[in-house]
Amino acid sequence: MTDSLIAIVPAAGVGQRAGRPDLPKQYRLLAGQPMLRWAVAALLADARIGQVRVAVSPGDERAGAALAGLPRTVCRPCGGPTRAATVAAALADSNAADSDWILVHDAARPGLPPDALARLIDACLADAVGGLLALPVADTVKAGGPRVRATLDRDGLWLAQTPQMFRAGVLRAALAAAQAGGGTVTDEASAIEAAGHAPLLVPGAMRNFKVTWPDDFELMEKWL
């Protein structure tokens, strides 16, 4: 029997940098649809993903309307105070077997193209650890603020994207260990790394950027 592929979209945040404190950014409209709907639909484009589980904050009254009519989609009020807590809760809520594959995708990455998603799944299914979409750093990188302290060597540096795809058992254990240790987990791959694994880097796509700042909304609309 083929192991299941389950996607998790943590959508319990508010997006404080996006310029609309009255509306969480995942519900802001892009080309006429909530950003969250675009992100979930991008995952549903690959038939190998059996289910997309969206984790929202308890009491969230917007998610139902934003996701109405989408197939293979489950919305659960299991969002936590941090991304790691939300993903861990969604993973527990899914009852996924340890051998199932979990793809975690940002609600703020609505521009995920089908070919990048397929590339990630193909690569990870053939890998012992799993991996993530990422892009090699192209710009010169400076450290400092407000003045330059140093120019960093960009050779070998990658910008992490999502989805990030790992076996449920491995991810569950890595997140639990990271939370118990009190460290900051900014993405699933960092928890996997802390557990001693080396995730695979799979080339992503420029249009799969994370909508973060007010100007990003206009830019993303050009892609959708």
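Using the three backbone atoms N, Cα and C, a Cβ is placed for every residue, glycine included.
The site 'Transition state stabilizer' annotation in Swiss-Prot covers Arg17, Lys25. What Swiss-Prot lists as site 'Positions MEP for the nucleophilic attack' is Arg154, Lys210.
Feature annotations (Swiss-Prot) mapped to structure.
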residue : record                                           : DSSP class
Lys25   : site 'Transition state stabilizer'               : helix
Arg154  : site 'Positions MEP for the nucleophilic attack' : coil
Lys210  : site 'Positions MEP for the nucleophilic attack' : coil
Which entry in the list of recorded sites, Lys25, Arg154, Lys210, has its Cβ near the fewest other Cβ atoms, using 10 Å as the limit?
Arg154
Sorry to bug you, but what's the C-alpha spacing from Lys210 (site 'Positions MEP for the nucleophilic attack') to Lys25 (site 'Transition state stabilizer'), rounded to the closest Å?
11
C-alpha of Arg154 (site 'Positions MEP for the nucleophilic attack') to C-alpha of Lys210 (site 'Positions MEP for the nucleophilic attack'): distance in Å?
21
